[in-house]
Amino acid sequence: NYYPGTKWIRMKERENPWKKGEEEEEEEYKPEIYDPVDPSKIKVANGPDEGIEKVENGKVKYKFNEIDNGINRKSYLGEYKIVNNLPRNPIGKTGIKGRGQLWRWGPNHAADPIVTRWKIDKTTNSKIIDPISKKPILEFIAILRKDGGGWAIPGGMVESGDTVSNTLKKEFGEEALNSLDSNLTTEQKKSLESSLNYFFSHSQFSHLIFKGYVDDPRNTDNSWIETVAVNFHDDQGIYASRFPLHAGDDAASVTWMTVSDHLQLYASHKLFLHQVALFHHAHW
């Protein structure tokens, strides 16, 4: 597997843990260095972090493992090591040094809203049961990423000063509903906003699926993705089922997709869907 945008072989960090001696590691391990060519193209609150030369040489001081001027540089995994002024991936080596295609040094926090409903037989208005597993079938809202990453859960990064809960709702609205389609009337938008706010703010619909490190192809030795994945389940089919799906700027398409073991999804998203199916005792 290549690191996105390069012809450099990317190692799997879980298969390549760090050795105990940092000096010995430096002698044996010589990763490629990936620094963004034009950081100004990365649109993120407060701008992206500085390039590797400024950080490694100590010219820029970030408060790693802390809340740094509104930016959460803490890891869900606990405190991570700082080696030569750079955060070190707590899971292992990737073969790529630098910030890569990510926004921040160290953890880059994301939020993944998994919106589900039961697959319904329109004739009988009852749940469709898989003939082999004998379990009801779930559907989830999926987007087709424009960056070539394939089908995925609609989600995004938690910006400076924002909360995970707000990001979950905001990213779903931006990627799956195109921030409330402009073709809707004023009254339709108000009704949709009300339903969306209610659905995403009441605990009866939500269940935490995952919180931690994500095996994302953009991870490097010094920058990585951590996420909170939350399942928002429309059990009665009266909220999410009525949302008018419309792909946003970061999505080429959006649709309801059947939850099953045959899914081919971006990064760790299939693992999240498996946990959702287990939680609802649904077909997988």
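Cβ atoms here come from the backbone N, Cα and C positions, even for glycine.
The region 'Disordered' annotation in TrEMBL covers 13-49.
Summarising the annotation, TrEMBL assigns compositional bias 'Basic and acidic residues' to 13-22 (among others). Across the compositional bias 'Basic and acidic residues' (13-22), DSSP assigns 4 helix, 0 strand, 6 coil.
What TrEMBL records for 30-41 (among others) is compositional bias 'Basic and acidic residues'.
Annotation comment: TrEMBL describes 119-279 as domain 'Nudix hydrolase'.
Mean pLDDT of the predicted structure over the domain 'Nudix hydrolase' (119-279): 90.
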